[in-house]
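One structure below.
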Amino acid sequence: MGKIKGGPVVEMQGDEMTRVIWDLIKEKLILPFVDLEIHFFDLGMENRDATDDQVTVEAANAIKKYNVGIKCATITPDEKRVEEFKLKQMWKSPNGTIRNILGGTVFREAIICKNIPRLVPGWTKSIVIGRHAHGDQYRATDFVVPGAGKVEIKFTPDNGGKPMEFTVFDFKDGGGVAMAMYNTDASIADFAHSSFQFALQKGWPLYLSTKNTILKKYDGRFKDIFQEIYDKQYKAQYDAKGIWYEHRLIDDMVAYAMKSDGGFVWACKNYDGDVQSDSVAQGFGSLGMMTSVLVCPDGKTVEAEAAHGTVTRHYRVHQQGKETSTNPIASIFAWTRGLAHRAKLDKNPELTRFAESLEAVCIETIDVVREDYLNTFEFMDTLAANLKKKLGQS
């Protein structure tokens, strides 16, 4: 059997133990079976430093061009890492840089296996969290109010129109704290399109959660923009698929999620998404079993990666020549989700089958008894052997 024709993908290499695993995945599970046009960028810490982080910008622009990015986990440097790698400066998160260039929304989804215990046992299907990673508290202006006085907020129109002024609070007895935050219609609309597109691709209902009963104007804007876009552009497609979109209050949504069996996409505002994505990940049992996919508003451009870090602790053991048992599944699923999207764009059923087969092999291989447990390298060999069987190769 010849190799499957795969088409163009942007591959981004990463750091530490995930870098080691990444090479193994390519060597044992991808390249023996699929003939890909790979546009390669090394986002390892040393190369980002050597290129003044230009390599990250180039990778993001390549994803724009080819529509599919597949990324290994990378280090986001802190003071310790700056010292360790003797960096020129504390470079920004590569994920943040890529997201700023591409736009879009990050969707996190659990990989469910029978023998990984779930803290919420009722969750038999995955829950996908889409986080609007723009504005709100993360771009707010906050300050300590030093004493008695009035906090006011003012909007001055560029067109010379009448300014809008509001009194936020009149501090009478001592100071306190104050904050002003914002979001934009354009960013909310992009978030809506990414969410509607992703749920449509999954064939799952979409829920948006806000607190519009309290933030009538602010959260009300999210609710109104989503509803308008849904009614005009997506309702007919959703009806045809037998799925739906619904807005819910955040507290109601959290309660619903807990008692549901999963199988939906949950669009969250920035802070809610930050909190709920970790909460849901833990409920499913493991961050090491989470995929992360950045979906652009056009629904055409996608970047897939593992939702975890570079597994530094295991890398230190690996550097000493000792055995590790690092979980490669989320990194493998970065490849499968990227390749599945390539297959969808190119209408390539062979590549779709390959991506589905590799995911199935991962889950089937994990569902083993205790005495079958393997180290990192043995596990990868077992996956490769099982994949050959599933694809009908000897």
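One is the number of the first residue shown, and numbering goes on along the chain from there.
Including glycine, each Cβ sits where the backbone N, Cα and C put it.
Those TrEMBL annotations? Automatic predictions, nothing curated.
The D-threo-isocitrate site recorded in TrEMBL includes Ser93, Pro94, Asn95, Gly96, Thr97, Ile98, Arg99, Arg108, Arg131, and the single candidate from Thr76, Thr141, Thr156 that the record places there is Thr76. Thr310 (NADP(+) binding site) sits 20 Å from Asp274 (Mn(2+) binding site), taking the CA atoms of both as reference points.
Looking only at the recorded positions Gly96, Lys211, Asp274, the one with its C-alpha closest to Thr74 (NADP(+) binding site) is Gly96. Least crowded of the recorded positions (Lys211, Lys259, His314), judged by neighbouring Cβ atoms within 10 Å of its own Cβ: Lys259.
Along the domain 'Isopropylmalate dehydrogenase-like' (8-383), the predicted structure has mean pLDDT 93.
For Thr76 (NADP(+) binding site), the same-chain residues 6+ apart in sequence whose C-beta sits under 8 angstroms from its C-beta are Lys92, Ser93, Pro94, Asn95.
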